[in-house]
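Peer 1: Quick one: this structure, given as structure tokens, is what I'll be asking you about.
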Amino acid sequence: MAARSCRESKVSILGAGNVGSALAQRLIQGNVADVVLLDIVEGRPQGITLDLLEACGVEGHTCRITGTNDYAQTAGSDVLVVAAGFARQPGMSRDDLLLTNTRIVFEVTQKAVAHSPEATVVVVTNPLDAMSHVAWRASGLVPERVMGMAGVLDAARFETFIAWELGFSVRDIRAMVLGGHGDLMVPLPRYTTISGVPLTQLLSSARIDALIERTRTGGAEIVHLLKRGGAYYAPAAAAARMIETLLGDERRLLPVAAYLSGEYGLRNIHMGVPVILSRHGVERVVELTLETEEKAALYRSAHTIRASLDQIAHLMPANQPPSAV
């Protein structure tokens, strides 16, 4: 199907850190959308966008990119990407960022949605599932329009490790990962295939368990190696895939942190589940048939997210349905 031209689409990235900057680069180089890169630090988004613009002669893209400290310049965005907040440092879990990033995500989402009330919101700030819920509470949008990107990233990591283990092309591998974007995420080998062949027919349970564990700690492994900050190329690639779907004419089945209103027996929570994603946002949550052990793992992950939401409940207006898991 024909792609939309840059002039028909506008994406505003809230936060010009490593993930936000890498995402801006992917979007303009792929001629996906015009981009506004916003940050509170004066000069940072302007400098990054100038650097990206100076690559135009090499890359040949035609998208416009603007660096700004003014939310007014984000007006009329089709997609708002929440990338603001502090990144993980060695020894930190994603949940260590909870209180600080809640305040940041709530504020930037409210300000941006005020200028783009028809936008879809994609969250990449950690802890991802809780921050997706915070952004939804701040936005006032229908839940189908607010989501987090973690599932796409987690599945991509699982696919990469499987490809390395088997020596196959990663293009032939399709993985499914449910649950929170953290140590209790739930990779599903039964729903992971290589050219249609279930992973469970190609690897022993011991090898699969090792790959699952590495997937769960994939982000922490990068944090440890970098010593300062976390992953950004892979998260940016995952967010870009979601944005391309949201701006295009295709419907895709992707795992994202979506709002649940009874699916999988869970309510009033954002968590990684497979959804049908399109330019209309989350069209539908797809409920997979889970075995007892898989369902128990999913509920453990959900309770961890719920505990995080309970910690930050006092930071958000009590204008949404009561929580329940």
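Positions of Cβ are set from backbone N, Cα and C atoms, glycine also.
Keep in mind the model is a prediction, meaning the values are calculated, not measured.
Sharing the features that Swiss-Prot gives for it:
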BINDING   Gly15, Ala16, Gly17, Asn18, Val19, Gly20, Asp39, Asn101, Val124, Thr125, Asn126  NAD(+) binding site
BINDING   Arg88, Arg94, Asn126, Arg157  substrate binding site
ACT_SITE  His181  active site, proton acceptor
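Help me understand the surroundings of these features in the structure.
Peer 2: Taken residue by residue with DSSP, Asn126 (NAD(+) binding site) is part of neither helix nor strand, so it is coil.
In the three-state DSSP scheme, Arg157 (substrate binding site) is classed as helix.
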Peer 1: Using C-alpha atoms, which one of the binding-site residues Gly17, Val19, Asp39 comes nearest to His181 (active site, proton acceptor)?
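Peer 2: Among Gly17, Val19, Asp39, Val19.
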Peer 1: Determine, from DSSP, whether Val19 (NAD(+) binding site) sits in helix, strand or coil.
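Peer 2: Where Val19 (NAD(+) binding site) sits, the three-state DSSP reduction gives helix.
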Peer 1: Which has the fewest other CB atoms in a 10 Å radius around its CB: Arg157, His181, the listed recorded positions?
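Peer 2: Counting other Cβ atoms within 10 Å of each of the recorded positions Arg157, His181 gives the minimum at Arg157.
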Peer 1: Enter the number of other CB atoms within 10 angstroms of the CB of Val124 (NAD(+) binding site).
Peer 2: 30
